[in-house]
Ligand SMILES: O=P(O)(O)OC[C@H]1O[C@](O)(COP(=O)(O)O)[C@@H](O)[C@@H]1O
Ligand SMILES: [Mg+2]
Ligand SMILES: [Mg+2]
């Protein structure tokens, strides 16, 4: 995208365009329809936030507090993605089980021939509601029942709720950034998004005293490069989009208190790895690409390190 010190990128959108449906079985049309629904729902999520910022709604399957906004976004997305022909399953960070939205299991109305599964993090970074900071929505489209391994990802993307609402979509090895208008239409801001060659930012989650020594040593080495600036805002999507824009590394690492880190493989780690790898970057759990981590549980956590290839290679050499 742009140089770290050249933050004045253009926001002039051109007309929306999607890759042609390269699939013989119509899955490409389903993927397009899913991201149309995400774009249409993004303004509704944004407009639904003010009254739901501070209201508590319970605990999610990962044992974390849910805001009313998390549940609101999840319900909206479940209803609307569930209507998309070709989508068989819906799952999210906010509900314990996979939902059959095809109707096939219960012989209910629906698309009984549907084959795709959609996993979402409806609101990523919802602890940023209180201080009114950046949040996102993460979307993963798999061609297998959930939980599914990363090699079943056929598309991944995210919405970023910042000063403007943008959506980044990766499919068929190609990454596109859109500006989402208030009426839910999407217009291309940047076709063929690629990580800049020169990394400029780094952000690492977790309490610093909770980092294992090898993580600490790696971070100290990264920040000793005087071209690297710290960027950490407490929303994975906000922080990841800094890396997509300026190059660099984002991590939510293994911790002393949590050897598998905090982020969820199905809803956060894998789809973001898919986007970054399609944009020319790399991902790892410390040993292997996040797309190669076996999916064993819908809500399993995984250490996440993503960014420029050279920084991820160094990380893999540095951590055990
Ligand atoms: O508060 P911490 O420990 O820095 O954690 C922040 C991380 O947790 C998350 O908020 C987890 O996502 P959710 O808000 O979807 O649970 C990430 O977006 C972010 O990277
Ligand atoms: Mg999240
Ligand atoms: Mg969330």
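Every residue gets a Cβ built from N, Cα and C, even glycine.
Predicted, not measured: the structure shown is a model, and the values here were computed from it.
Taken from TrEMBL, the feature Mg(2+) 1 binding site applies to 93, 121, 123. In the three-state DSSP assignment, the secondary structure recorded for residue 121 (Mg(2+) 1 binding site) is strand.
Cβ neighbours within 10 Å of residue 121 (Mg(2+) 1 binding site), excluding its own Cβ and spanning all shown chains: 29. Among the features that TrEMBL reports, Mg(2+) 2 binding site is placed at 121, 124, 268.
According to TrEMBL, the compositional bias 'Acidic residues' annotation covers 1-15.
Per TrEMBL, the feature compositional bias 'Low complexity' maps to 16-26.
Annotated compositional bias 'Basic and acidic residues' per TrEMBL: 43-56, in sequence order. Sequence-distant contacts of the compositional bias 'Basic and acidic residues' (43-56) (same chain, at least 6 residues past either end, Cβ-Cβ under 8 Å): 65-69, 72-73, 76, 122-123, 129-130, 132, 137, 159, 161, 165, 180-184.
Looking at the domain 'Fructose-1-6-bisphosphatase class I N-terminal' (59-182) alone, the prediction's average pLDDT is 95. The feature domain 'Fructose-1-6-bisphosphatase class I N-terminal' is assigned by TrEMBL to 59-182.
The annotation region 'Disordered' is assigned in TrEMBL to 1-30 (among others).
Residues annotated as region 'Disordered' in TrEMBL: 42-66 (among others).
Taking H, G and I as helix, E and B as strand and the rest as coil, DSSP gives the region 'Disordered' (42-66) the counts 10 helix, 6 strand, 9 coil.
All protein chains included, residue 93 (Mg(2+) 1 binding site) registers 26 other Cβ atoms within 10 Å of its own Cβ.
Rounded to a whole number, the C-alpha distance linking residue 124 (Mg(2+) 2 binding site) with residue 93 (Mg(2+) 1 binding site) is 10 angstrom.
Ranked by Cα separation from residue 268 (Mg(2+) 2 binding site), the binding-site residues 93, 121, 123 are led by 121. In this view, residue 123 (Mg(2+) 1 binding site) is surrounded by 32 other Cβ atoms within 10 Å of its Cβ, with every protein chain counted.
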